[in-house]
Amino acid sequence: MATRITNKGLSKSSKAWMKEHLDDHYVQLAQKEGYRARAAYKLLEINEKTNLIKKGMTVVDLGSAPGSWSQVAGRLVGDEGILIASDILPMDALENVTFIQGDFREEAVFDRLMSEVGDRQVDVVLSDMAPNTSGHTAVDQPRMIYLCELAVDFALRVLPKGGSLVMKVFQGEGEQQLRQQLQSQFSKVRTIKPAASRPRSKEVFWVATK
């Protein structure tokens, strides 16, 4: 049975967040259109601008839970495509999606992903990974940069020339150094801030083509 969310017992700041969340255009749209989270519209806009994900492609979705990016990517690649998703959190099953639950920072999980990819040519790697934020930038930012570095390492291993990485990044310390590294490893890197990203959010998305 679903549990109804109420304002009872919430702090003032939590009540404000809840009101903003429930009033959010993209939250309402996601509920109406059957997406698991508003984040779906970030990937939809990114793909609208880049046309990266197409029918029949093989896509890997890192940090996939609750599954909205996998929903979008799955519809874009269609029945002929292949979608492999992974997250430290559980994710309800999606048709034609192979899900690997585990911590991407652990070598065993990385190896399971590589094994699932096998000899396939991966066309696009998606990374919406982010750490559990503490509210302290000095702690959160290095954790985010580390996850990005892991995503880049994975992408470099599985993407052929012409393949692409779409990766969430937090603006802040270490970001420019990471971008310089990316520019030396990929032929093209562009930044997209989707309309569905909240204006105050530090997140941007880099689209890197090998």
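From the backbone N, Cα and C atoms, a Cβ is placed for every residue, glycine too.
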- Item | Candidate from D103, D111, D119, D140 that Swiss-Prot assigns to the same S-adenosyl-L-methionine site as G67, W69, D87, D128 | D103
- Sparsest-packed of the listed binding-site residues (D87, D103, D128) - C-beta count within 10 angstroms: D103
- Item | Set of same-chain residues at least 6 away whose C-beta sits under 8 angstroms from K168 (active site, proton acceptor) | G63, S127, D128, M129, A130, C148, E203, V204, F205
- Just name the winner among G67, W69 (the binding-site residues) by count of other CB atoms within 10 A of its CB. W69
